[in-house]
Number of protein chains: 2
Amino acid sequence: MGRPRTPLLSADRIADAALELVNATGGFTMPALAARLGVRPSSLYNHVAGRDAIVELLRERAMSEVELPSHDPDELPRPWREAVADIARSYRRSYARYPRLIPLLTAYPVNSASAITMYNTLAATLVRAGFDHADTLRVITLIDYLVLGSALDVAAPDEPWLASAEVGPEFAAALATATPNPHRADDAFEYGLSVLLAGLGA
Amino acid sequence: MGRPRTPLLSADRIADAALELVNATGGFTMPALAARLGVRPSSLYNHVAGRDAIVELLRERAMSEVELPSHDPDELPRPWREAVADIARSYRRSYARYPRLIPLLTAYPVNSASAITMYNTLAATLVRAGFDHADTLRVITLIDYLVLGSALDVAAPDEPWLASAEVGPEFAAALATATPNPHRADDAFEYGLSVLLAGLGA
């Protein structure tokens with residue numbers, strides 16, 4: 001008894017193929033996905049409810065490696081800035097693997113368990129730190145902006161700005177300090193995170 | 001003498017078609033672009049040097065509406081935070097019109113005159129405010145993260161998080177404060193901008 005040459009269709013295999021299409025073309029359609037998997041579009045619906053469900057599988061994949069701080073109830077809670085910084089770093093590390101997914105994920109409502117768990121932890125940490133509910137949502141959104149912008153930047157070319165004739169002296173001097181990626185993007189993210197956390201206390 | 005039914009091919013028309021493809025599918029290829037314009041791929045190269053040049057046309061289009069503060073040499077320069085905030089607001093307003101362009105633009109080196117002019121103005125403002133060259137590049141990068149993350153958020157669904165069973169009490173209370181877009185994203189951007197500018201002084 002030989003194995004089938006083509007693995008059986010599954011939600012996981014559909015997500016793999018969708019991710020390949022997103023990485024190659026920036027998006028996916030159900031017909032293109034079916035063509036890539038060598039099946040009819042209707043077969044996809046035996047495994048996933050539709051395009052939205054596939055986007056959530058991709059989000060779950062991006063979020064699945066986000067590490068949340070463990071909280072030992074016998075220990076004092078860590079300072080909120082440290083807890084938020086660790087979550088933001090882990091969130092960014094995960095998303096930086098899939099920069100081309102980002103515009104797709106931001107265009108669909110968040111509904112994956114890993115994402116909700118991370119937002120729950122952020123919200124609980126911020127409310128405990130004294131932020132009211134409206135500001136808690138604003139801070140979470142600001143962390144999203146920093147993480148998503150920075151994850152896109154990891155995929156930027158090593159020289160993200162071409163030093164053309166029109167570059168002025170101050171910008172040229174600033175550009176001369178840039179290091180190759182991923183160092184430049186890592187450095188800018190850490191700088192941004194510390195500015196953000198300092199600004200939240202001001 | 002009748003007009004030709006199809007407008008003549010031009011760099012502008014190529015950019016229009018590329019933008020339509022990006023909005024519809026998240027990206028564009030030279031063959032798909034040629035097919036959409038009803039020409040052979042080789043005809044495109046009579047008007048643009050290649051894919052990179054088309055990306056720069058799209059960046060130029062996104063940046064062309066960014067308004068930079070005018071500087072009357074007889075007046076005292078404005079406080080740097082106000083100048084930076086105005087540029088960031090205008091930059092975001094422009095990019096929010098083209099959220100699907102963002103991952104494409106960040107994947108290619110910046111080489112459009114409007115973009116370089118904006119970065120020149122930001123760098124000159126920051127250096128005048130006392131930032132060293134390395135920090136000037138970091139602050140510019142941070143503004144990019146805020147603007148790009150926020151421009152993507154303008155295209156987010158009205159309920160960017162689905163309140164599923166797993167939403168914890170603090171996150172649920174935070175979500176309950178959300179207003180419909182574009183108000184929510186505008187509000188989060190202004191909050192983020194003020195946090196960032198406060199953090200830069202801390």
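Numbers run from 1 along the shown chain.
The backbone N, Cα and C atoms fix where each Cβ goes, and this holds for glycine too.
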DNA-binding region per TrEMBL, picked from B:29-48, B:89-108, B:169-188, is residues B:29-48
Could you give me the DSSP helix, strand and coil counts for the DNA-binding region (B:29-48)?
12 helix, 0 strand, 8 coil
Mean predicted confidence [pLDDT] for the domain 'HTH tetR-type' (B:8-66):
91
